[in-house]
Amino acid sequence: MSPFADHSVLKIIEGAHLACVLKKHPALDSVLHLFPENVLVSGEENIPGLVASPTGDALLKPQTLKTLPFTLNRLTISLQPSLEKFESQLLQLINADLTFSHCFANSFASFALYCMCVSLCFFFSSTSSLPQILSLRSSLELRLTNHQALAIIFQLEYVFSTPIGRETMLSATATSRAAFLHSLRWGIWCPFQEPAEWKGEEIQLVLQGGAKPNPHGAMVYSTEVSAKAQSPAPNSAPGTAQVIQWHRRMLFHFAHLEMDLRRGEGDSASLHDEGDQLQELPFTPVHAPVITLGMNVSCSVSSRSSLAHLFSAGFPDIVDSSGQVAEVLDPTEPLPFDPKREETDLQGNLLVFQFLAFTRIAAPGVGPDWPENIYFTFQFYRFPPVTSQRLKLLTGDKIQHKASDPLPCVLASINKDGTVNTGSPGLQLQFRVDDSFLKPGEKRWFLRYLALHTMHIDIWDSDSLLLIGSTAIELKYMLRQCKSAVQALHEVEVLTTDYVGEDTLLTNPDLGRHSASSPMTVHTIVRGRLHIRTGNIGKYRKTRLQLCCSIVTFLLWHNNTNVANKAAILFLNKPDDSDRKLKCMAAVREREASEDAKTAKVTAQSKEAQLANPSEAKSKAESIANMLSQAITTRHLLYASLGSAEYMEFVLKNPFNVPQTVTIHSDDPELSVITNTEEWRYFKALTRTPTPLEENMFHSEQGAPGPRVYLRPKESLHVPLKYQSFLCDHTMGLQTGQKWHPWKSSRAEDGKPMAICQVNVEPTPHVVDQTFRLYHPELCFLKKAIRLPVWHDPAPGEPQDVYLKVPGSPSPHIKMFFVMVFTDKWMAAPSQIWQIYVHFLERVDVSCVTGQRSCQSLVLRGTQAIRKVKCFSSHPGEIEVDPAGVFILPPAAVQELQLKVQPWQAGSRFLYVNAVDVEHQRLVTAWLLCLNVHRPVLSKAFEVCVPVGGGRGSSRKITYTNPYTSSRTFLLRSDHPDLLQFKEDKFQIRGGESYTIGLRFAPSQSPGSVDILVYVNNLEEKTEETFCVKVNYS
């Protein structure tokens, strides 16, 4: 029977058929996320997120709407009557429901709440539980399109955990367990529905539940009472809400997402009762830890054997123009400096940096051969930032290394093909600073930079792309004091900071609680010593005659006599610069005179044509107005850098025979008029400007376009101007263009311009005094404090800190910005410019015990192209990554990584894991491991005395009994392997038998005491027992 026989409105048309063809439309691949699943759509429909097409078919060439950034702040979920009672009622209902099921009749008591989370269709984030509410720990960054059909979905989910199989009791060591996610409530909010007037009121959404249609099409947990509850939000239906004020970067101030589980309507009035306002107590915010400004790097001197090994590598010498070795300066001694002598030096400067070697220093968590390859990043003066090539650390196989005096590893450059260039040790970089590089009057500032500043250098591991540490070298030893060349050998410590919190015992009742104001200790760790040699070679610029002689000599040397004679005649007959400039000026004047004559002739001939053609007359009027504007325009060129104020004075003259009140205004806020007399006096003294100063010269009114000044007939005044910019596009080192800022003065009567000052600004790179690199979890606000140095005499015991608060970004984004510190009242020039990098990493929280291995899974997602990836950790001795070698990461694939964490130091610590593209040396993903390491429970404690000196240690024994009935294999571990060694690191004993552990304590050269922990672990690195041995060195 035909399927259309039962339908009265459908009839079969004989001889007709409908043909359908399915084809792929690749243009829809980028917008598939905007379509619902298993639904037919056409290009004529209004699809949220797509731009309407003028042809009527928006799917032919789909274009997405522009997204705007949004921030979701202060999201809280209120559970009634309390979080504890809500979860208790939830478990009671689940267990009561399982009682009626025969297959789960014996296991209903095994259900437990594992965690809770709030999910959005755009973002997922965990929440922290408070006594009465669930609150989001950070802000959410969203990018949304302004469309009425767009909605934000909030879904409250709980993760439930239950054993699998015959286990009926919850256990911390249960391995066969199942965890499943289930939705409890959901809410929807359409922020762009009419009317979209956000006025800052709190928004309340009612989370719904039960067997109702919802965006995910799933059954949602509900109770009978909650299904009957009314919405507590006034004048708002479920799923809708009023929104707040609109900004370019909007802020969503969610106050509450209400969940009502009450059993009556009598308590509805208490829902809006927020109680009395709490009184704020005096409180100082804690932005721990405070970063100390400056490296405070100590310049040490190696032993004679280390220096002999270093200079046997054959580094190139720094020589002057005549081939003589540059004079050697000692960086450990004070350097006399005469500024006038440096300014009178007519030679140019060729500044040389030679990176010679790097000395490794043993550190916990890393191997003795770390690092193997390094590279440097730094910025010298206003040159572009430098990222050096990869360098290999060479160690001699025949050289005997001593732990007390490690030898420096000579640096050798690595070629692009991966081979090491051993023939040319070290890395040499040069910077030429002469009259062709410096701007007029800049030489004094450059010499001041060398005399007072230090250059910050970051040292990186070129394999893992992890920061090893930072150092700084003083540049004052590059001042030549009219000498032909100077050099200095620096040996500076490479430092890094480690943040460690207070440790807790494993049996502490406060285990798992973390206070936002818990103290953190800053440890400065020496990662190595960098050997670098600096030099400055005086270079004269060749005159025309010297250049001619050099060229002629070169040509004669190659037997080109005819060409040499012609070159000599050409150079000798060429006029000097002064004659050439005079001839050029005469030619310009002659050309201008001829052009003026032609213009006058054309003007006389075209008067009648202009009267006949009105459009040409209008164009002529505009041209005349433009010419008059150019006649009253004065142009100035400024070389400005970030934060520095450039002072100038403009002579404003009244050309009329009557007094005038002139209004001065600027089209750019970066160019302003100095109206404060004290500020004017300060800049005049700073720039040594001898022009007169007048008190109360300007009159300012609120709402006026600018200050006003009174001019007598034919009077001239000096108007003080200041240009200062705080904007930087981060490419200042490569920027050579100019931008102009118009400044006008107009009469108050008719508003016509009297004079125009056009300031052309050529941005110049600024000097970076200090570089900070901060690491922080993604999508969280960074709060840090930087302590200022003592520039003046502050109040005793009152340090000054600069507090930073930086909004978070997704991993592995890096935010870079500059901070300018001014010490003068009028902010003429910054005393310090800090360049701050904030690396946002994916946060992973790990709770573990010292000496015991804990496993953690990470997810690495593929990008658009196939990559060869290898994972590295900042502490290979404490973190193992599986897979350990190079693996292929296909596009859009998911790779699971296993972390084996076995820390040896208790407390809160931060470790790093990088996934690196080994072919292109690019960072793929970075993780920040936040370890909460607890102290183990001690089984036994011992005490031993070891004599100081003599080169002999002490041997002891400890008896261990196997508590199991079967044979077991155990591993011995220690948190101080440099002080304690075992006779055997691995042993096997039968059940119930005893084994004698042999201990060998290393000698010490100084008295004191230390606690050493001995761990007895199984083959899975789980701790069976922990012993504490207190060693007294006396």
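Cβ from N, Cα, C; glycine included.
Which of 411-433, 526-548, 595-617 counts as region 'Disordered' depends on TrEMBL, and there it is 595-617. Tallying C-beta pairs under 8 angstroms between the domain 'NPHP4 Ig-like' (772-793) and each of 305-539, 634-737, 850-933, 939-1033 places 850-933 first.
Per-stretch counts of Cβ pairs under 8 Å to the domain 'NPHP4 C2-like' (305-539) identify 850-933 as the leading one among 634-737, 795-839, 850-933, 939-1033. By the count of Cβ pairs under 8 Å, the stretch nearest in packing to the domain 'NPHP4 Ig-like' (634-737) among 795-839, 850-933, 939-1033 is 795-839. Same-chain neighbours of the domain 'NPHP4 Ig-like' (795-839): 71, 138-139, 141, 285, 287, 290, 293, 379, 642-645, 647, 679, 682-683, 686, 724, 726, 728, 730, 766-788, 923-927, counting only residues six or more beyond its ends whose CB sits under 8 Å from a CB of the stretch. Across all of the domain 'NPHP4 Ig-like' (772-793), the predicted model scores a mean pLDDT of 81.
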